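J.: Handing you a structure now.
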Amino acid sequence: MAIERTLSIIKPDAVAKNVIGQIYSRFEKAGLKIIAAKMCHLSKPQAEKFYAVHKDRPFYPDLVKFMTQGPVMIQVLEGENAIVKNREIMGATNPKEALPGTIRADFADSIDANAVHGSDGPETAKEEIAFFFKPDESFNSIGV
């Protein structure tokens, strides 16, 4: 099994509900280590650039607006198969389809306000981590 890193964002809706600690607890119970974290309020240009892959999709303007409406908590998670593990913990994009006990089933309100973002693959994870964190802003937990 491979030790991987993935980017996770706790979105404005979940930050506003004050459930950051509960979400972090789920990461840790699943064996994921939080090796970098920061809270920030994304600017419109940041959100547009980060979600540029969706630029031609009809939901893009609403996504950018949503992601800039309040602070987000951004973290790098590390662990065995971190990408898949995080996506399992998050649950389906649509909270109505998410399994009970997943973050989205428990904390999300809608497909738009769905509490969390997670990288969908190794290359995306590298790009997304580099978007928010400089190399010296995360810590290698291997061997600790």
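For all residues, glycine too, the Cβ spot is worked out from N, Cα and C.
According to Swiss-Prot, the record shows the following:
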ACT_SITE  HIS117  active site, pros-phosphohistidine intermediate
BINDING   LYS11, PHE59, ARG87, THR93, ARG104, ASN114  ATP binding site
J.: Any same-chain residues 6+ apart from ASN114 (ATP binding site) with CB under 8 Å of its CB? Would you list them in sequence order, or say none?
T.: LYS11, ASP13, THR93, ASN94, PRO95, ARG104, ALA108
J.: Rounded to whole angstrom, what's the largest C-alpha distance between any two of LYS11, PHE59, ARG87, THR93, ARG104, ASN114, listed as binding ATP?
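T.: So the binding residues stretch over 21 Å, Cα to Cα.
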J.: Pick the one among the binding-site residues ARG87, ARG104 whose Cβ has the fewest other Cβ atoms within 10 Å in this structure.
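T.: If we count Cβ atoms within 10 Å for the binding-site residues ARG87, ARG104, the smallest count is at ARG87.
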J.: Tell me the Cβ neighbour count for LYS11 (ATP binding site), meaning other Cβ atoms within 10 Å of its Cβ, over all protein chains shown.
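T.: Summing over all protein chains shown, LYS11 (ATP binding site) has 24 other Cβ atoms within 10 Å.
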J.: Rounded to the nearest angstrom, how far is the Cα of PHE59 (ATP binding site) from the Cα of the residue listed as 'active site, pros-phosphohistidine intermediate'?
T.: 15
J.: Using Cβ-Cβ distances, find the residues under 8 Å from PHE59 (ATP binding site) that belong to the same chain and are at least 6 apart in sequence, listing them in sequence order.
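T.: Within the chain, PHE59 (ATP binding site) has Cβ neighbours under 8 Å at ASP112.
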